[in-house]
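Colleague: The following block contains the structure, expressed as structure tokens.
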Amino acid sequence: MTAQENLTTIEPVNGPLVGSISVPGDKSISHRAVLFAAMAEGTSRLSGVLDSEDVRSSLGAVSKLGAKVNLEKAPDGSLYGGITGWGVKGPSAPSEPIDCGNSGTTTRLLMGILAPWDIEVELTGDDSLRRRPMRRVSGPLSRMGAKFLPEDQDTLPLTIHGTRNLKALDYDAPVASAQVKTAILLAGLSADGTTRVTEPSPSRNHTELMLPEFGAHTTAASGVAEVVGPTTLKASEVVVPGDPSSAAFIACAAALIPGSAIQIEGVSLNPARIGFLRTLEQMGVDASRRSVSSSGKELSGIISVQYCDKLHGCEVPADKIPSLVDEVPVLALVAAHAKGITVFRGVDELRVKETDRVAAVIDGLAKIGVDAWADGSDLFIEGNPDLVIPEGVKFETGKDHRLAMTWALAGLSGNCPVQVADFESCAVSYPAFLSDIRSLVRER
Ligand code: S3P
């Protein structure tokens, strides 16, 4: 470790987590609300929008492209207000590159949004984003007629030059990715005819659920989504529910910290997002959910989780991974405390997230004496119910927000303080993570 390293010490909590909490707005739904509003004709009204670095990347991008953003901070920390879109006149060419920060969703969705317009836009991002694969989106969009420069380059910075003569596409996606699917569907809105994306297993469907609210003709079945173009989105209203991926950290904290019993309110219960609850249940955790409302077509409700003193390993099949893709690191930490081996099948996609999360989980768990390994596409964790965290552990995160929160949780739920490098990266998705956890602690 060098002197410049930015380490945060995380102390164990001194009591169980008890009571109710709301988590910030869903990141995926917030991005879509902002981006679809920017594309639409008229002024959309948004509320519950997540105020985090990633969503700010989308807000900054649409402002540079000519949408009028008028959002304010609500008392609960979310953003609300209006976004007036560019509608039929289209986005304006920005005078400088658009910096998408750490946000893969901003980048990939923008590629689809810009594909139908005859302007040049350079997209770039931070070190992590500039390592992530983009050909999975530029490839199919090129088949529709858009150009990306430098040609054949997989990574940012990329300059997109769209075309008003985009062709509809029937695309068999090689990976289950909501970002890829959404980019193609958004481009397809401007193409003549039906654009269809078929996935190997269904990824999150927020786009398919939200586009009809903006007046688009969309059909969705498990693993197949279609839009019919050409069409212009019309302003709408979006109420963003709480983020299940943020809720997962609270849920796993409750499962690990003795005596805990918590409820998370107002959280999205979209089945494509709550695979982590099923995995916790399979590990023996008393975890349940109750739907209480829907915002648009998105279900939301309450998640309840209790401490479990008899965690056991389980197997998560490959076709369930998309429903918990962002939760694998924190579930791996729970698995580290479980009796027996847990296996996550088919986790190759984790290698191209903000960091290589398969390697990061294996390295991080090794620091606390837990054996984890990859075999082909599968990730194995050999848990230890009597796990004792050694003194002086320093976790690396590669500035990956989900790793920062996972390793912080190792300390919060453990027997001694740990150090987490670049813990502040949790601001990408859940800036108030630590204070939210601490607000639930009932001190002994
Ligand atoms: C997201 C989709 C997922 C997820 C990411 C957000 C989205 O990625 O990991 O954090 O908002 O569409 P995939 O594109 O791999 O499904």
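Backbone N, Cα and C define each Cβ position, glycine as well.
Sequence annotations record features per position, and here TrEMBL assigns domain 'Enolpyruvate transferase' to 15-435. Residues or ranges marked as phosphoenolpyruvate binding site in TrEMBL: K27, G104, R132, Q179, R357, R402. Among the features that TrEMBL reports, 3-phosphoshikimate binding site is placed at K27, S28, R32, S177, Q179, D326, K353. The annotation active site, proton acceptor is assigned in TrEMBL to D326.
A description of the local structural setting of each listed feature is requested, covering burial, neighbours and distances.
Modeller: Mean pLDDT for the domain 'Enolpyruvate transferase' (15-435) in the predicted structure: 97.
If you draw a 10 Å sphere around the CB of R357 (phosphoenolpyruvate binding site), it holds 26 other CB atoms from the protein chains shown. R357 (phosphoenolpyruvate binding site) falls within a helical segment according to DSSP.
Secondary structure from DSSP puts D326 (3-phosphoshikimate binding site) in a helix.
Around the Cβ of D326 (3-phosphoshikimate binding site), the number of neighbouring Cβ atoms within 10 Å comes to 23.
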Colleague: Give me the count of other Cβ atoms within 10 A of the Cβ belonging to Q179 (phosphoenolpyruvate binding site).
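Modeller: I count 22 other Cβ atoms within 10 Å of it.
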Colleague: By the DSSP assignment reduced to helix, strand and coil, which category contains Q179 (phosphoenolpyruvate binding site)?
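Modeller: In the DSSP reduction, Q179 (phosphoenolpyruvate binding site) maps to helix.
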Colleague: Please list, in sequence order, those binding-site residues from S28, R32, Q179 with the Cβ less than 6 Å from ligand 1.
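Modeller: Near the molecule: S28, Q179.
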Colleague: Between S28, S177, which of the binding-site residues has its C-beta surrounded by the fewest other C-beta atoms within 10 Å?
Modeller: S177
Colleague: List only the single closest residue to R132 (phosphoenolpyruvate binding site), chosen from the binding-site residues S28, R32, S177, D326, K353 by CA-CA distance.
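Modeller: Considering only the listed binding-site residues, the nearest one is K353.
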Colleague: Over all pairs within K27, G104, R132, Q179, R357, R402, the annotated phosphoenolpyruvate binders, what is the largest Cα to Cα distance, rounded to whole Å?
Modeller: 19
Colleague: Distance between R402 (phosphoenolpyruvate binding site) and D326 (3-phosphoshikimate binding site) at the Cα atoms, whole Å?
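Modeller: Checking the Cα atoms of R402 (phosphoenolpyruvate binding site) and D326 (3-phosphoshikimate binding site) gives a distance of 8 Å.
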